[in-house]
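According to Swiss-Prot, the feature ATP binding site maps to Gln10, Thr11, Thr12, Gly18, Asn19, Gly146, Glu147, Asp148, Ile186, Lys195, Met196, Ser197, Lys198, Ser199. Taken from Swiss-Prot, the feature L-tryptophan binding site covers Asp134, and the record attributes it to sequence analysis. According to Swiss-Prot, the feature motif ''HIGH' region' maps to 11-19. Positions annotated as motif ''KMSKS' region' by Swiss-Prot: 195-199.
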Amino acid sequence: MKKTVLSGVQTTGALHLGNYLGSIRNWIKMQEEYNCFFFLADLHAITIDIKTSELNDAIMEVLAIYLAAGLNPDKVTIFAQSMVKEHVELSWLLNCVTPLGWLKRMTQFKDKAGSAQCKACLGLFAYPILMAADILIYKADIVPVGEDQKQHLELTRDIAEVINRRFDKEILKVPDILISETGTRIMSLRNGLKKMSKSDISDFSRINLKDSNDLIHQKIKKAKTDHLSFISYNKKTRPEISNLLDIYKSFSKESIEKIIDNYQNQGFAKFKEDLAEIIITNLQPIRNKCLELMNDKEYLLKILHKGAQKARIRASETVNEVKKQFGFII
């Protein structure tokens, strides 16, 4: 029996190179080997200030990118989180067994809310509980995530264990965390110490998956390096050039040592030019297919409804099982 894999991407802003290398590309490989559930995290998206008019388009665009990148809806279950109401139902049940202190330790809330924690919405604070519900509702065996989500996954495991201990039986599967070594944490093109992010105010901090070829060339050309004239790899002392080398390696499959050796006497200009080209070679087909799919909204909606229908079968089984243990009438 195939193991179950679950993962998703928030439908906020344009998806970028970090989303592709850190998540989506890995999913393409997994769809042949696992029973995969890949969702559009639109409920998570509204924990920040997002316009109603933008959310609908963002959902469709993320779905189009999933498909354009190579996810096959006949092999995997693709759905919008908001179309499977059981996620919210299980989230409430998990809220009722999760100690408040556990949530207060979540660093991502502190990072996103900043100094205005008192003004932040409850949804942002309880975000990790909904994330736990997203995972546990499908009894996922494996959850591929970036390093920045590891704390949330550890919380998910803890919550599953609380439920199982409370009712003295394994109701919820305690998932394994899968963190890929290459491509998981692509950093900003403007600051090698910050993760590439959709929320960064500078568009030149990231390569968006729908960027034109010319814009990709511009962004890589202007990507920050440092004052040294040679290429070397050290994430602590040379984070920016190390990030560019990581991106090159992710596409070329060559070792960092070989890449450095190839460009040792050619300087940054040639390296950046070739890096832009290798990115374009890989992203252009995805961009073109995405634009084509965005013109067929009827097809995209069909995929969402089909995926949600399939997901709800699995999700409702888990929710009813948990509700029964709590004592609710099913």
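Using N, Cα and C of the backbone, Cβ positions are placed for all residues, glycine too.
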Residue pair Thr12 (ATP binding site), Asp134 (L-tryptophan binding site) - Cα distance, angstrom, rounded: 18
Of Asp134, Glu147 (the binding-site residues), the residue whose Cβ has the fewest other Cβ atoms within 10 Å: Glu147
Within the motif ''KMSKS' region' (195-199), residues counted as helix, strand or coil by DSSP: 0 helix, 1 strand, 4 coil
Euclidean distance between Cα atoms of Asp134 (L-tryptophan binding site) and Met196 (ATP binding site), Å: 24
CB contacts for Asn19 (ATP binding site) [other CB atoms within 10 A, all chains]: 25
DSSP three-state assignment (helix, strand or coil) for Asn19 (ATP binding site): helix
Rounded to the nearest Å - Cα separation of Glu147 (ATP binding site) and the residue listed as 'L-tryptophan binding site': 18
Cβ contacts of Lys198 (ATP binding site) (under 8 Å, same chain, 6 or more positions away): Gln10, Thr12, Gly13, Ala14, Leu15, His16, Arg206
Cβ neighbour count within 10 Å of Thr12 (ATP binding site): 21
Nonlocal neighbours by CB distance (under 8 Å) for Ile186 (ATP binding site), same chain, sequence gap 6 or more: Leu17, Gly18, Leu21, Gly22, Lys195, Met196, Asn243, Asp246, Ile247, Ser250
Integer average pLDDT (0 to 100) for the motif ''HIGH' region' (11-19): 91
